[in-house]
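Copied from TrEMBL, the annotated features are:
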TRANSMEM  A:32-53  transmembrane segment
TRANSMEM  A:73-93  transmembrane segment
TRANSMEM  A:100-122  transmembrane segment
TRANSMEM  A:128-150  transmembrane segment
TRANSMEM  A:162-180  transmembrane segment
TRANSMEM  A:212-230  transmembrane segment
TRANSMEM  A:251-274  transmembrane segment
TRANSMEM  A:286-305  transmembrane segment
TRANSMEM  A:312-330  transmembrane segment
TRANSMEM  A:342-361  transmembrane segment
Amino acid sequence: MTEIASGPVASTLGGPALAGALEWAARRAEGLVIPLAALIVGMALFSIFIMLLGKSPAQLFDLMWRGGFGSWFSVQNTLSRAAPLLLAALCVALPARLGLVVIGGEGAIVLGGVAAAAMAVLVQGAPALIGVILMGIAGAVAGGVWIGAVGALRHYRAVNETISSLLMAYIAIALMNHLVEGPLRDPASLNKPSTHPMDPAFVVGAVPGMDVHWGLVAGIIACVISWILIEKTRWGFAARIAGGNVRAAQVQGLAVGPLIVGFCALAGAFAGLAGMIEVAAVQGNANASLASGYGYTGILVAFLARHNPLAIIPVAILLGGIDASGGLLQRRMDLPDATVQVLQGMIFIVILFSETFYGRLRVFNPDLWKRPA
Amino acid sequence: MTDRLMFSRRQILKTSAAGAVLGFAPSLLPVRSAFAAGATIGFIYVGPKDDYGYNQAHAEGAAVLKGMEGISIIEEENVPETVDVQKTMESMINLDGATMLFPTSFGYFDPHMLAMCEKFPEIRFRHCGGMWSEGKHPKNAGSYFGYIGQGQYLNGVAAGHATKTKKIGFVAAKPIPQVLLNINSFLLGARSVDPAITCQVIFTGEWSLAVKEAEATNALVDQGADVITCHVDSPKVVVETAAGRGTFICGYHANQSPLAPEKYLTGAEWNWANIYKMYVEKLVAGEELPNFTRGGLADGFVKMSPLGSGVSEAARAQFDGTLAEIMKGGFSVIKGPLNNNKGEVVATEGQAFVETAIELESMDYLVEGVVGSTS
């Protein structure tokens with residue numbers, strides 16, 4: 001979805017300027033209307049599914065609204081759940097702009113968490129800010145190396161990045177289990193093997209006035225930075241070229257290798273940071289609960305956002321809301337948890353299908369206006 | 001915080017105020033009316049509540065409360081041990097007016113449940129796992145847990161009679177004290193029948209990982225094990241895989257006999273219905289709730305599945321005899337002379353550890369006869 005000719009066409013006459021504005025609006029609207037329509041179609045399909053179960057879709061959507069967004073408590077609930085998804089989704093979205101499908105962000109999250117917890121023990125007693133920064137660096141480096149390696153394997157050894165990142169996620173989880181149950185284990189953690197608890201001074205607290213930790217802010221900042229990187233810098237431009245056609249990029253003399261490894265490493269660093277935040281803001285140490293599937297939900301978020309870092313923010317909030325309301329659906333309508341997964345799956349499929357409409361719908365594509373239907 | 005916490009006035013005011021302000025009234029009505037008559041109690045599970053295992057055992061306990069006058073039960077399954085469970089607890093309190101919560105997974109306790117205990121001092125929390133300790137943890141929190149090792153010992157007795165190869169197998173999640181005690185108990189139960197029996201153990205590393213559980217089960221059968229048991233969250237995969245390979249099975253957590261009626265010998269099950277009923281009866285009567293409660297077979301915290309058709313007469317006799325012995329109390333599974341499988345002494349002649357012994361809580365060994373390693 002590279003928008004090359006997106007500005008209004010400069011003109012001195014009123015007519016062409018209006019036409020230009022229309023064209024501009026049409027191109028912009030495409031990216032908004034198609035996902036929204038897909039969302040509505042997904043919800044409609046889900047309604048049929050709910051009716052087949054003998055339940056009322058009206059009640060369901062009412063509850064989803066209340067559970068996800070209908071009150072200040074629900075909004076905070078939604079944002080808390082969205083926070084880790086922002087960084088996890090970036091781990092998919094950034095390599096995707098280079099044409100790589102990296103689905104192993106879970107591994108980077110888990111290792112980032114372990115590295116951060118280990119760092120916290122190492123620098124115990126340090127001033128809080130320094131401790132937190134060092135934990136963040138440890139998490140980001142661990143995640144960055146992990147996914148950076150996926151990029152390097154891809155570029156230098158032609159190993160399929162989708163498979164390798166997924167397999168490396170399994171290795172990362174096994175490695176975490178080994179470290180948490182072995183060398184890094186707090187002997188006091190008997191039946192739930194964990195690392196030593198971190199210095200309470202390093203706890204990352206809540207955003208003032210909200211019951212949501214700072215991970216949300218970190219995630220939003222990371223999304224904005226990623227958007228600027230991709231849309232406004234020469235590296236981002238080079239990445240988009242390479243993502244469109246690697247050969248063409250190489251012919252142009254772009255350093256595709258460092259670009260791929262760099263983007264993957266940055267993606268992994270964001271995921272590692274998500275793991276660090278999970279440790280510093282929620283768990284207080286590293287343990288098996290770090291592998292709770294944020295990395296996989298992140299894939300869904302990134303694809304729904306069409307790998308646009310800014311779009312990740314609303315999509316993560318939407319999925320956070322669906323997740324937050326899932327509990328209410330279970331409690332009030334006696335629906336199994338799998339219901340929410342069915343909804344997510346349906347939305348995912350419809351959005352993927354909707355990809356085929358980009359550039360083909362007359363109304364959104366000014367290039368087609370001039371041609372006869 | 002009041003001890004007579006059938007429902008607190010503040011909670012009702014808060015809920016109805018929230019309801020009025022946000023237009024919640026229609027959907028809250030049924031809950032509120034039930035709530036006014038008694039109490040709303042929330043159960044939170046880490047996996048599906050029909051998993052034939054850990055979560056189902058709790059859900060079966062919760063289901064018993066559904067028939068109680070004035071009590072409404074709300075449940076949520078598949079809640080991960082992250083900020084999600086904190087928000088689920090808050091949501092149950094804020095939106096459903098729950099006044100007592102049972103977050104049932106071990107990993108919910110620290111930091112998640114403790115954070116909520118602090119935030120909602122008038123709500124009661126009871127956690128499955130036995131981690132609450134006086135002075136260290138808040139008063140509105142508490143723990144309940146069962147000693148299920150002797151159930152695995154009885155599984156071992158049944159297995160010891162059923163095995164022909166003298167090899168039995170154990171699919172285990174993680175090498176933590178609770179699991180190690182179960183493995184050791186299973187082997188020692190079998191050895192009470194025939195001291196030549198060995199037990200191969202395979203650790204999957206995860207509480208719930210179906211593929212590895214199936215692989216582990218197949219590997220055990222390939223190595224000659226002809227009775228299999230397990231300690232993973234959902235024994236379903238192990239039971240079905242083992243039955244498919246024609247071996248006998250001893251269950252764990254809940255009753256898995258419907259999955260393999262011919263091959264199911266018996267099983268060590270949680271009896272949470274007893275515990276949940278106790279809590280709720282006290283709650284309704286306005287009595288003090290215990291902060292810490294534990295027990296085993298003799299105390300009704302644990303029960304055995306009915307013996308299956310594969311259990312011989314001789315096995316039944318020894319099983320019943322051992323069970324009667326256990327029900328008297330003071331029974332020890334771990335007693336000397338006993339070595340671990342590295343040849344080091346873990347109990348000397350005359351030394352015996354009853355199920356409540358504190359030493360068992362930090363078990364880090366596999367006894368002689370168990371083939372496998374803790375690391």
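Note that Cβ sites are derived from N, Cα and C of the backbone, with glycine treated the same way.
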Considering the transmembrane segment (A:73-93), which listed stretch of A:32-53, A:251-274, A:286-305, A:312-330, A:342-361 counts the most C-beta pairs under 8 Å: A:312-330
Leading stretch by Cβ pairs under 8 Å, where the reference is the transmembrane segment (A:162-180) and the options are A:100-122, A:128-150, A:212-230, A:286-305: A:100-122
Close approaches to the transmembrane segment (A:342-361) from elsewhere in its chain (Cβ under 8 angstroms; 6 or more beyond its ends): 1, 30, 34-35, 37-39, 41-43, 45-46, 49, 300, 303-304, 306, 319, 322
Best-contacting stretch, by C-beta pairs under 8 Å, relative to the transmembrane segment (A:212-230) and drawn from A:32-53, A:128-150, A:251-274: A:251-274
Residues of the parent chain within Cβ reach of the transmembrane segment (A:251-274), under 8 Å, 6 or more residues beyond its termini: 84, 87-88, 90-95, 97-98, 100, 102, 105, 108-109, 111-112, 115-116, 136, 139-148, 150-152, 154-156, 161, 215, 218-219, 222, 226, 229, 235, 238-239, 241-242, 294-295, 298
Long-range neighbours of the transmembrane segment (A:32-53), counting only residues six or more past its ends (CB under 8 A): 60-61, 304, 306, 311, 318, 335, 339, 342-343, 346-347, 349-351, 353-354, 357-358, 361, 364
